[in-house]
Amino acid sequence: MTDNRTSFRLEILNRLCKRERQQRCVKDMFKNYSLLDEQLQQSHRSRSVSVNDEHFKGNVNDRLAVMKEEMANVYRMKSKNDQDLIDANRKLADSESRYSLVSSQRDKLRIETDAIVKKMTVLENELAELKEENSVINTERVSLVATCNYLTEKKTQLDNERFQLLNRIRELQEKSAEFMNAEIALQEERAQMRIREQIAKATADLNLGDERASSAFGTSPETLDEFMMTDVLPSEVKFKLSTHDGEVHDVEWMSDDTFATAGSDSKVQIWRVSPNKTDASKVSTLSGCLGPVNRLDYDSQRHVCLASSNDKTCRLWNIDSQRLLSTFSGHTDKVSSARLFQSHNVISGSADRTIKNWDISSIRCLKSYLVGSTVFDIVAKCGVSQSSFISSHFDKKVRFWDARSSDATYSVELGQKVSSLDISMDGLQVLASSRDDTLSLIDVRNYGIIHLYSAEQYKTSCDSTRAIFSSTGEYVLAGSSNSSVFIWNTKTTKLEKVVKTARSDSAQIMSLAWNPSGRGLLACDRQKTCTLWR
């Protein structure tokens, strides 16, 4: 069927082509005829125009002028339209650019709006959470306010009870002091009775009585070197004395032949050295402390003795009568050191990180100084001002104070915590012992370190080890953990001598005292022993 259609189409196409070839000559003839006819008609029109040209010439000129004017109007309108088109295109371009800018800004604002909406949603959620938390906190606040009011009332009650207890304790302490003084008075009366009995017996022998009288009044001759105005280095041990039932924490010469010791047995013992310097006998015991005694001090007349104790108090005794005069309580931790200050005050430093200034007559605290670090030692009578004192601390600092100010006037930092202080005779230099096994000599006037003293075998015993000046300040000395005493020349820092107080290295030296006469060195240790070197 497909082949028949193809052959039919080819047949038609062939016939058309044949017809085209046959009629091509006739077609050319008709075409030429049409051209000749058009030329003839054009010739006739030319003639008619030339005949009528003169009749219509005027009309044509008028029409031509009108047409020119119309053409000019058209051109003017065209020029105006072109300019309007240019302006319109420019405005369109500006509008499109503004549209594009506005579209971009719109997109940015849309993005920012979406972000703000999201942020608002988050903030609304946070606000709801905060409101809920605030409600909970407010509820807790109301509860805490109620609790605080209750605790405040309870604190007020406890403070009242505390004041009552303090008053009761003070009354009991006063009664205890009265009982102790009564006991001491009784002991004195007994001693006087014994003395009267001895005097009665001594009247039988006049020579023996004369000897005892001369011994009592100290008329026996002394060697010239007792009154030498220079310090003599110790060369031999005169005696070793067991002075306490525990560690001996401090020792002080009260006079050329009398010294006091403080121990862990809560007692202060007064001793007198024999005339031949080979022994010492107990004169009296100052009791009343409820804990180990740490430091001793005395007035210039040697009439009163001040002791600081681990029972958080300081106590003041009359040395002659052994009466307990005052108890200064107010610290919340052990009192490391206390000194008689000015003429009627006591200055004390404690492990509770405070220093207190006490009035002796009223037994009350005049001022508290908040230090912020454990106080190890205090010295007074320093510098040119009577209101100055110096303290040593756990935080490696030596602080200089004026009692009239609440803050330290200056501080000097050393290499380690500062265990003890000692002031020179003129009050212008202070000797500081620190746990880095060195001694530092500090000028009180400009706070500068003048000298450092150290030795290879010297090791600081503990946090309460005491270093001192000799009586004239010619030497500085300190006890070591190996039972030795190291003595340096103050000016040259030369190690002049090392003396050993015990064969065992376990007898750590706690404190030293140089005799006011210049001859005689006392050293106390942790083995209950006090040793005299001369």
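Every residue, even glycine, has its Cβ placed from backbone N, Cα and C.
As given in Swiss-Prot:
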REPEAT    243-281  repeat 'WD 1'
REPEAT    288-329  repeat 'WD 2'
REPEAT    330-368  repeat 'WD 3'
REPEAT    371-411  repeat 'WD 4'
REPEAT    413-452  repeat 'WD 5'
REPEAT    459-498  repeat 'WD 6'
REPEAT    504-534  repeat 'WD 7'
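For the repeat 'WD 7' (504-534), the partner stretch with the highest count of Cβ pairs under 8 angstroms, out of 243-281, 330-368, 371-411, 413-452, 459-498, is 459-498. Sequence-remote contacts of a segment are chain residues at least 6 beyond its ends whose Cβ falls under 8 Å from one of its Cβ atoms, and for the repeat 'WD 4' (371-411) they are 295, 336-342, 345, 347-351, 353-355, 357, 417-423, 427-428, 430, 432, 434, 442, 444-445, 447, 463-464, 466. Tertiary neighbourhood of the repeat 'WD 3' (330-368): same-chain residues 291, 294-295, 297-299, 304, 306-314, 316, 374-380, 386-387, 389, 391, 401, 403, 406, 464, selected by CB-CB distance under 8 Å and a gap of 6+ residues from either end.
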